[in-house]
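The active site, charge relay system annotation in TrEMBL covers Glu179, Asp183, Ser382. According to TrEMBL, the feature Ca(2+) binding site maps to Asp424, Val425, Gly448, Asp450. What TrEMBL records for 106-470 is domain 'Peptidase S53'. The feature signal peptide is assigned by TrEMBL to 1-21.
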Amino acid sequence: MGLQACLLGLFALILSGKCSYSPEPDQQRTLPSGWVSLGRADPEEELSLTFALRQQNLERLSELVQVVSDPSSPQYVGGLHRFPPTSSLRQRPEPQVAGTIGIHLGVTPNVIRKRYNLTAQDVGSGTSNNSQACAQFLEQYFRDSDLAEFMRLFGGNFAHQASVARVVGQQGRGRAGIEASLDVQYLMSAGANISTWVYSSPGRHEGQEPFLQWLMLLSNESTLPHVHTVSYGDDEDSLSSAYIQRVNTELMKAATRGLTLLFASGDSGAGCWSVSGRHQFRPSFPASSPYVTTVGGTSFQNPFRITNEIVDYISGGGFSNVFPRPSYQEEAVAKFLNSSPHLPPSSYFNASGRAYPDVAALSDGYWVVSNSVPIPWVSGTSASTPVFGGLLSLINEHRILSGRPPLGFLNPRLYQQHGAGLFDVTHGCHESCLNEEVEGQGFCSGPGWDPVTGWGTPNFPALLKSLLNP
């Protein structure tokens, strides 16, 4: 009998009154570490329970992620995914010159395409075995009519799809949320003309996003989109240790399978909280997981011109207090720590932790259609994340059509190539604690990798060249 059948049988016995559980006196008095008794639940209250087996052989799984995701490894395949059928690759026309200046009144798909040097031909073919997805939480839902109106207003200069191919989970019927609208509209306009799924996970875990519920959906499906973007996150310290480690294990599994998972770095800069009366920076999760690619945010140097980018002061970034620094970023992070002229006091951050973000994109001043209304100046790394994800989907399109596997877990390759194909963002700092010691300033960007904008923002033709082979 399987585990599910056993559990169902046990529940049937309990509900029938033929089976009950009475703890021993010592068990009644003792709670597990970190648990607090809140009394008996109301008989009418619905409880959502998750049963999961304790995960084993995690060290071996971590080693497997490294060998299948590291381009220098003989076992590199981008992940343990199925190889797509071989097809013919279309010739990409010559790109426009990087950094072309134009005037704009807010970020739209055409502004994104101009800044990151995409041509009208940089869209999906509509014939490949390629797909992408975003996730929505906290009762945030998109509306098909908003997506169609967004593409009518802003998608006239490139081939695109005006509807989501598949919704996995419960899609609400009420008002659309700006977050969900933003994610779908910019994933589908950056990764234009590529089949797009939306994973919808309502409800809460520990009062926050049910990330594990979403990840279990991924783990239980054999055919999945290659790129997943998530514009949600929580403070590391707001989640229980058991939960954060289990979510990280599922992220590790996804990386091993060859999925590219992108998470927003957050909109609070380095963050800030007080620990035993002293201020510290406050890292975000899942942005701090070693098994995801984390996306920070930038702004145009001139707010109304398509020019070079600088740090968006809200761009989340820093160092994990939970996860140690992974080997793939050892060189880049050590170089930053040894060369940055503007490091905050060492007591504010864990210099040996996983550092993030890994990359960045524009995060300031977007147009979004929500509940049939065009809304300007929507900002946050919730915007930069689907944009970067969509561009990676376009690169996957080229790889699939040339008989190569999708990119898979990107970070080992990204750091080995020292950010090749990205515009380096070298000006600006993000926000942090408002006190006399740091005066609201967190980390600052500089040449190469930094914990504000990672390796930088995409220059699509150069990024395509750097990630197309092998």
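Every residue gets a Cβ built from N, Cα and C, even glycine.
Curation does not apply to TrEMBL; its annotations are automatic.
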Chain-internal residues, separated by at least six, CB under 8 A from Gly448 (Ca(2+) binding site): Ala332, Lys335, Phe336, His418, Gly419, Asp424, Trp455
Listed recorded positions among Glu179, Asp183, Val425, Asp450 whose Cα sits within 10 Å of Ser382 (active site, charge relay system): Glu179, Asp183
Asp424, Val425, Gly448, Asp450 excluded, remaining Cβ within 8 Å of their centroid (Ca(2+)): Gly419, Thr426, Ser445, Gly446, Pro447, Trp449, Thr453, Gly454, Trp455, Gly456
For Ser382 (active site, charge relay system), the number of other Cβ atoms found within 10 Å of its own Cβ: 26
Least buried by Cβ count (within 10 Å) of the recorded positions Asp183, Asp424, Asp450: Asp424
Length of the line joining the Cα atoms of Val425 (Ca(2+) binding site) and Asp183 (active site, charge relay system), in Å: 24
Pairwise Cα distance for Asp183 (active site, charge relay system)/Asp450 (Ca(2+) binding site) [Å, integer]: 25
Sparsest-packed of the listed recorded positions (Glu179, Val425) - C-beta count within 10 angstroms: Glu179
Distance from Glu179 (active site, charge relay system) back to Asp450 (Ca(2+) binding site), taken between C-alpha atoms, in Å: 27
Mean of pLDDT values spanning the domain 'Peptidase S53' (106-470): 95
